[in-house]
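The following features are taken from TrEMBL:
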{"type": "DOMAIN", "residues": "39-288", "note": "domain 'G-protein coupled receptors family 1 profile'"}
{"type": "TRANSMEM", "residues": "23-47", "note": "transmembrane segment"}
{"type": "TRANSMEM", "residues": "59-79", "note": "transmembrane segment"}
{"type": "TRANSMEM", "residues": "99-117", "note": "transmembrane segment"}
{"type": "TRANSMEM", "residues": "138-156", "note": "transmembrane segment"}
{"type": "TRANSMEM", "residues": "195-217", "note": "transmembrane segment"}
{"type": "TRANSMEM", "residues": "238-258", "note": "transmembrane segment"}
{"type": "TRANSMEM", "residues": "270-290", "note": "transmembrane segment"}
Amino acid sequence: MANSTLVTELLLEVFAETWELRLLLSVLFLLVYLGSLFGNLTIIIVTTVDQTLKTPMYFFLRNLSILDMCYISITVPNACINTLTDHRSISLAGCAAQIFWFFFCACVEVQFLTIMAQDRYVAICKPLLYPRIMNHQFCVQMTLASLLTSFILSGMNTFKTFQLSFCHSNVVPQFFCDLPALLRLTCSDTFNNKIIFLLTAIGLSGTCFTFIAISYVRILSTVLKVPVKGERGKAFSTCVPHIIVAYLFLCSGAYAYLRPPAISEVVEDMTLSVFYTTVPPFLNPIIYSLRNKQIKKAVKKVIFRFFIVE
């Protein structure tokens, strides 16, 4: 970071210029944030307490919920506080930390969604091999591999970004430190940074998207061969939530990060950022709960056990 001394701190954008609109948007986003924490915490509790939810699918669902709580906590609370207090400054070290953890969580989420697609593929297409393939050791190894891969990719992109000199402006056109927004502020050559970022984004997201798509094409092919309608519905009910969640996260993130910078506007960027930073963590527990009878049943059992006094 020695080369970044031309700018000692950065200024983040706020949600709106007028105080009334700031207050309204901040309260709205705080409610979404609290709703996300409550929904994901509920899934974590029920998948931990209920012994019937000890399968690999719920192991990764619990991990995804923990990750979503961290993912949304990196950006939203700080952005709301900044908007309400008009305290927009953030140090370069603080910005680097925010970029690192945000990028880390995004990479882990993509890989978790891919592993969950693998889980559904094995469960539906190779049910007899499911206990052998998706054993506890494999689940732990895949989780650790996802964390390690994401740590390396995030660290590499963050390190390369903060080797640059920032001198054009210190106003980040985002409500949080986002890597593409930060690259616009540098007066250094960003070719290598953009290549590394594109290779990371396209390599990881593209590979994971392809794997998820192939998994669900094979699942669809297998399910359509099932003669019993009830069994088809049961198979689809476990897959549809995952497809929706994966589609929301990958498509919103891909559009935000891979579109040409020439068509990028601050308001549009912030709107997209709000979508991919708040909507997936908020909707994930709702989607999984509404479409999953086991989760709904487990929630009722937990409520009855802990909150209803006989």
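Every residue gets a Cβ built from N, Cα and C, even glycine.
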The transmembrane segment (270-290) vs the transmembrane segment (195-217): 3 or more CB pairs under 8 Å: no
Local confidence of the domain 'G-protein coupled receptors family 1 profile' (39-288) - pLDDT mean: 86
Positions whose Cβ lies under 8 angstroms from the transmembrane segment (195-217), at least six residues beyond its ends: 107, 110-111, 113-114, 117-118, 120-121, 153, 156-157, 160, 179-180, 183, 239, 243, 246, 250, 253-254, 257-258
